Structure formats: structure tokens, C-alpha cells
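*Asks:* Per Swiss-Prot, the features are:
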SIGNAL    1-24  signal peptide
ACT_SITE  62  active site
ACT_SITE  105  active site
ACT_SITE  106  active site
SITE      176  site 'Role in the phospholipid gating'
């Protein structure tokens with residue numbers, strides 16, 4: 001009886017095993033392809049930039065629905081600072097940038113943030129100088145309240161711009177009284 005059951009189940013189990021192996025190999029290949037695209041874009045942006053960028057932090061806003069009044073009143077929402085970077089537009093018109101900026105964080109302490117940003121860019125008007133974008137940024141930050149240990153971050157990125165002036169923004173997710181911060185800056189391309 002066991003031999004008959006084993007013989008009956010062996011073909012479907014073997015097919016299932018090979019199916020999972022094939023899916024794992026395909027997933028591994030997709031991850032490698034995505035990583036190769038990412039590193040290629042970073043390298044090309046560094047080696048062949050179209051512009052030099054100046055960054056000026058503009059606003060930090062702590063989401064009022066996720067903070068109590070005590071925290072809101074003691075946090076800094078004017079992140080003065082500056083930064084610089086290089087950027088390019090690819091053949092599809094999408095933006096790629098490498099940057100480093102430093103600004104005053106919620107506790108009014110210096111916070112550096114550097115990384116790579118990508119935005120799919122649209123130019124919906126007849127005036128091609130007007131554009132907006134949606135994408136992501138992947139970078140590293142370090143904060144005073146975390147002992148300035150490097151912390152990686154992948155965040156959403158959005159922008160609206162005209163010509164070489166852009167208003168870029170992100171949202172840092174979090175928990176109650178922590179994170180949930182809208183952060184925006186101006187970026188000029190030269």
C-alpha cells in the first residue's frame with residue numbers, strides 16, 4: 001500500500017518541486033536584473049551628469065494626526081541647511097540624481113542625508129518646461145538622537161517643477177509621535 005501511494009504521489013511532488021525551483025530561479029534572475037539596472041543608473045549618473053544641483057531644504061511638517069500637541073510644539077519644522085548633487089535625464093525623460101544634503105532635524109540638530117533618487121517625469125502641458133515626477137530615493141542618513149549611526153532609507157519621492165527649478169518632497173512613515181514627517185526642498189539645476 002505504501003509503495004502504491006509513494007508511486008502515485010511521486011510524479012506530482014516531483015513536478016511541484018521543479019515548479020518551485022523554476023520560480024525561485026526566475027525570481028533570483030529578476031532581482032539580479034533589477035539590481036544591475038539600479039547600479040548602472042547610479043554609475044551613469046555619477047559619470048555622465050547633465051547638471052550640477054543645489055539643494056535648499058524648505059519645510060518639515062509633522063503629521064498632526066499622528067503627533068500629540070506636546071511633540072508638535074517642541075519640534076523644529078524649519079530645516080535650514082543646504083546640499084549639492086549631480087543629475088541627468090535619461091532617454092525616456094526620467095530624472096536620476098545623486099545628492100548629499102544636511103539640514104536641521106526635528107530636534108534642531110544637524111542631519112545629513114545622501115543617496116540616489118529616481119523619478120518618472122511627465123510634461124503634460126504644451127510648455128515643456130513644466131514637469132512633475134513620482135519615484136523613490138534610496139540613501140543613508142544619520143541622526144543625533146540615534147548616535148549618528150548610519151541608517152539606510154528607501155522613501156517615496158515626488159516633485160513639481162518649471163525649467164531648472166524643482167520642488168521635491170518625500171514622506172517618512174512612522175508610528176505615533178515618531179516618523180510620519182513630510183519633508184520638502186528646492187532643487188536648482190545648473
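Cβ from N, Cα, C; glycine included.
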*Asks:* What's the CA-CA gap between residue 176 (site 'Role in the phospholipid gating') and residue 62 (active site) in angstrom, rounded?
*Replies:* 11
*Asks:* Between residue 62 (active site) and residue 105 (active site), how many Å separate their Cα atoms?
*Replies:* 11
*Asks:* Around the C-beta of residue 105 (active site), how many further C-beta atoms are within 10 angstroms, looking at every protein chain?
*Replies:* 22
*Asks:* Using a 10 Å radius around its CB, how many other CB atoms surround residue 106 (active site)?
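*Replies:* Within a 10 Å radius of the Cβ of residue 106 (active site) lie 19 other Cβ atoms.
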*Asks:* May I ask you to report the DSSP-based helix, strand or coil state of residue 106 (active site)?
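*Replies:* For residue 106 (active site) - judged by DSSP and reduced to three states - the answer is coil.
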